[in-house]
Structures are given as structure tokens and as C-alpha cells.
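Q: First the structure, which I've put down as C-alpha cells, then a few questions once you've had a look.
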Amino acid sequence: MNENVTVFSHPLIKHKISQLRDETCKTKEFRALVEEISMLMGYEVLRDLEMEEIEIKTPMETTTAPIIKGKKLALVPILRAGLGMTGGILSLVPSAKVGHVGMYRDEETLEPKEYYCKLPEGIDQRMILIVDPMLATGGSADAAVQFVKKKGGKQIKFVSIIAAPEGVKRLSEAHPDIQIYCGEIDRGLNENGYILPGLGDAGDRIFGTK
Ligand code: PRP
Ligand code: URA
């Protein structure tokens, strides 16, 4: 495995992903699980957030103590399914700025079509978390990372809940400079580009469409 790829091993993450996979898991529970998993993954992904020392007066004395350096994070969900992951991560870092990249897969070619992109100011100065629950062929992720880079993004992490080996390979080869995080790496893709065993269509299951 490429050293830029991290697969989570925490039992809580594994357990909740297994619950997500279950076809009987309904929209409300599915959405809540995606949020919880994203929060747990975010805790680890944000381990290297930059810190600074500030002076604080405790009831006992004045001291210096570490806090997270402000205004340095951008969360970028890939629309639409990535939106399901934003709440969980924002619960950890409520003041993070949020950008959006609109991307959907052409069902015939499996290639991504971009329809929207709006990123926070000063993107070149920020740690950027691009989030999407599914990394399948890697086309959408590759295009989103290219997009963010074109706008000046440098310190990029891509966070997915379930990935296929094909997607991890494509993304890590196209962008060896980014960190990739996956809850699980599954067996592979079917002929329609769906992850096996996977969880089906993440966007439809989060939003209750179809
Ligand atoms: C899904 C998923 C990813 C993409 C992954 O989105 O959320 O964005 O497919 O597939 P890839 O790795 O082969 O590109 P989809 O296109 O279904 O759009 P949606 O989020 O609007 O449902
Ligand atoms: N997008 C999804 O939502 N699920 C897959 O299995 C592949 C792409």
C-alpha cells in the first residue's frame, strides 16, 4: 500500500461502516451513520492541524497553552454525496470554511462531469479536506483534486468512507502529493463502476432519492 494511503482500523468506524452496507438501513439511520463515521475519521485526519501557543490566565496563574491556529481549514464536499460528510467534520471544527465541487458521473462513460465549483478565499493557505463517501473509479476524486489544485490548493487530503482498489490506485498515481484516507478498501468494481460489496449509491441512500 502506498504510504500516502491510510485505511482506518478503529472498531467504531468498521462497525458503523458495516451497518451502512446493510440494504435494510433506512435514510435517517444511513445519514446519521455517515455523519458519525465522518466525525470519527475527521478526528484522525485532523491530527496534524497547525497549532500555536497563546497566553491564558487560569484561576491560578498565567501560562501559555496550545490552540489550533485559526482560519486554516477548508472542507470541500464533492456534491452531492460528499455533503453527507460535512456535518460530522464540522462538529469538530465548526469554524472551518466550506467549499463545494459539483461533480456527477456520466452513467455511460463513468467519467465525471463538473457543474459547480466555489472555494473559500485563500485556498492556497489552507489545509483542504475533499470529502466524498465513495471512491470508485477515482474519476470524480481525480477531477476534484485537479480542480482544487488549479484554484491554488496545495495541502490536500481526500477522505472517503468506502474505496475500490482501482480508485485508490488512480488517485494516488495522479496525485502522489495528497493524503488519501479510506474507511475500508473493498474488493473492486462491477461493470457499471459500482463498488463491490460496497453500499450501493451513496447519494441516493443519503438523500432518499430513487
Ligand atoms: C458518486 C460518489 C462519487 C462518485 C464516485 O457520485 O459520491 O462522487 O460517484 O465514483 P467515481 O470514483 O467512479 O468517480 P455520483 O456521481 O453518483 O453523484 P451524486 O453524489 O450526486 O449521487
Ligand atoms: N458511487 C456510489 O455512490 N457508489 C458506488 O458504488 C460507486 C460510485
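Yeah, the Cβs are placed from backbone N, Cα and C, and that goes for glycine too.
A TrEMBL annotation is a machine prediction, not a hand-curated record.
Relevant sequence annotations retrieved from TrEMBL are reproduced here:
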type    : residues                                                                                      : note
BINDING : Arg80, Arg105, Asp132, Pro133, Met134, Leu135, Ala136, Thr137, Gly138, Gly139, Ser140, Asp201 : 5-phospho-alpha-D-ribose 1-diphosphate binding site
BINDING : Ile195, Gly200, Asp201, Ala202                                                                : uracil binding site
DOMAIN  : 8-209                                                                                         : domain 'Phosphoribosyltransferase'
Q: Quick one: which of the binding-site residues (Arg80, Met134, Gly138, Ile195) have their CB closer than 6 Å to ligand 1?
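A: Passing the 6 Å Cβ check against ligand 1: Arg80, Met134, Gly138.
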Q: Just to confirm: which same-chain residues, 6+ apart in sequence, have a Cβ under 8 Å from the Cβ of Ser140 (5-phospho-alpha-D-ribose 1-diphosphate binding site)?
A: Ile78, Met103, Tyr104, Arg105, Pro112, Asp132
Q: If you measure Ala202 (uracil binding site) to Met134 (5-phospho-alpha-D-ribose 1-diphosphate binding site) at Cα, how many Å is it?
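A: Counting only the Cα atoms, the answer is 7 Å.
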Q: Counting across all protein chains shown, how many other Cβ atoms sit within 10 Å of the Cβ of Arg80 (5-phospho-alpha-D-ribose 1-diphosphate binding site)?
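A: Arg80 (5-phospho-alpha-D-ribose 1-diphosphate binding site) is surrounded by 18 other Cβ atoms within 10 Å.
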Q: What whole-number Å value do you get for the CA-CA distance of Gly138 (5-phospho-alpha-D-ribose 1-diphosphate binding site) and Ile195 (uracil binding site)?
A: 11
Q: Cβ under 6 Å from ligand 2: which of the binding-site residues Arg80, Asp132, Gly138 qualify?
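A: None, as no Cβ falls under 6 Å.
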Q: Using only the residues recorded as binding 5-phospho-alpha-D-ribose 1-diphosphate (Arg80, Arg105, Asp132, Pro133, Met134, Leu135, Ala136, Thr137, Gly138, Gly139, Ser140, Asp201), report the maximum Cα-Cα distance in Å, whole number please.
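A: That value is 17 Å for the farthest Cα pair.
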Q: Please identify which of Gly138, Gly200 has the densest Cβ environment, defined as other Cβ atoms within 10 Å, among these binding-site residues.
A: Gly138
Q: Round to the nearest Å and give the CA-to-CA distance linking Asp201 (uracil binding site) with Met134 (5-phospho-alpha-D-ribose 1-diphosphate binding site).
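A: Here the two Cα atoms lie 9 Å apart.
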Q: Around the uracil site formed by Ile195, Gly200, Asp201, Ala202, list the extra residues of the same chain whose Cβ is within 8 Å of the site's Cβ centroid.
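A: What remains near the Cβ centre is Pro133, Met134, Ile162, Tyr194, Gly198, Leu199, Gly203, Asp204, Arg205.
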Q: What does the structure give for the C-alpha distance between Ile195 (uracil binding site) and Ala136 (5-phospho-alpha-D-ribose 1-diphosphate binding site)? Integer Å is fine.
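A: On Cα coordinates alone, these residues lie 6 Å apart.
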Q: In the predicted model, what is the mean pLDDT computed over the domain 'Phosphoribosyltransferase' (8-209)?
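A: Averaged over the domain 'Phosphoribosyltransferase' (8-209), per-residue pLDDT gives 95.
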Q: To the nearest whole angstrom, what is the C-alpha distance linking Ala136 (5-phospho-alpha-D-ribose 1-diphosphate binding site) and Gly200 (uracil binding site)?
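A: Between the alpha carbons of Ala136 (5-phospho-alpha-D-ribose 1-diphosphate binding site) and Gly200 (uracil binding site) there are 11 Å.
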Q: How many whole Å apart are the CA atoms of Met134 (5-phospho-alpha-D-ribose 1-diphosphate binding site) and Gly200 (uracil binding site)?
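A: So the Cα of Gly200 (uracil binding site) lies 10 Å away from that of Met134 (5-phospho-alpha-D-ribose 1-diphosphate binding site).
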